[in-house]
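These notes are about the structure you will find just below.
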Amino acid sequence: MRIMKRPNILLTGTPGVGKTTLGKELAQRTGLNYVNVGDLAQEGQLFDGFDEEYQCPILDEDRVVDELEDKMGDGGVIIDYHGCDFFPERWFHIVFVLRTDNTSLYNRLESRGYTGKKLQDNVQCEIFQTIYEEAMEAYKEEIVHQLPSNTPEDLERNLEQIVQWIEQWMKDNN
């Protein structure tokens with residue numbers, strides 16, 4: 001494993017919790033590289049079919065991992081995706097699971113055009129802490145942290161907290 005000068009961070013959580021907003025702003029403030037896995041898959045056509053029920057492409061997880069491997073080895077990457085258990089554990093120094101209250105999440109998803117089963121399943125995913133549990137099973141417990149993501153104040157607090165963590169990591173590891 002190469003020595004990394006900057007940490008790799010995973011931002012995960014149910015669709016609509018604010019991963020992209022947080023990730024883009026965090027990259028801007030820190031100079032880390034931001035990767036939205038959905039966009040990466042779209043650009044590289046890293047799909048393995050189409051899910052008729054949810055009306056969305058099915059991610060080819062192996063191809064995504066292959067695509068990101070070298071970049072992750074260099075460090076300094078923020079990954080944004082609503083799933084987390086297929087990424088290699090060795091990639092991340094810290095994992096943040098964003099959490100949003102159900103009413104806010106419902107409204108955010110509805111404004112994105114989610115309806116019916118897709119809307120209900122995503123809200124249920126948040127209620128049952130599905131992504132948090134997935135993260136706790138996939139990574140060491142001590143690197144997995146939940147962050148509230150309901151208000152602009154939460155966003156600012158999360159940014160400050162993560163920037164502080166990055167600065168400390170860089171002091172401790174360089």
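Cβ atoms here come from the backbone N, Cα and C positions, even for glycine.
TrEMBL: automatically predicted annotations, no manual curation.
Pulled from TrEMBL:
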type: BINDING; residues: G16, G18, K19, T20, T21, R112; note: ATP binding site
type: REGION; residues: 36-59; note: region 'NMPbind'
type: REGION; residues: 111-121; note: region 'LID'
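Here the Cβ of T20 (ATP binding site) has 16 other Cβ atoms within 10 Å, regardless of which shown protein chain they belong to.
Excluding G16, G18, K19, T20, T21, R112 themselves, the residues of that chain whose CB lies within 8 A of the CB mean position for the ATP site are, in sequence, P15, V17, L22, R108.
Its Cβ taken as reference, G16 (ATP binding site) is surrounded by 25 other Cβ atoms within 10 Å in the chains shown. It is K19 that, of the binding-site residues K19, R112, has its Cβ surrounded by the most other Cβ atoms within 10 Å. The maximum pairwise C-alpha distance among G16, G18, K19, T20, T21, R112, the residues recorded as binding ATP, is 15 Å. Other Cβ atoms within 10 Å of the Cβ of G18 (ATP binding site), summed over all protein chains shown, number 24.
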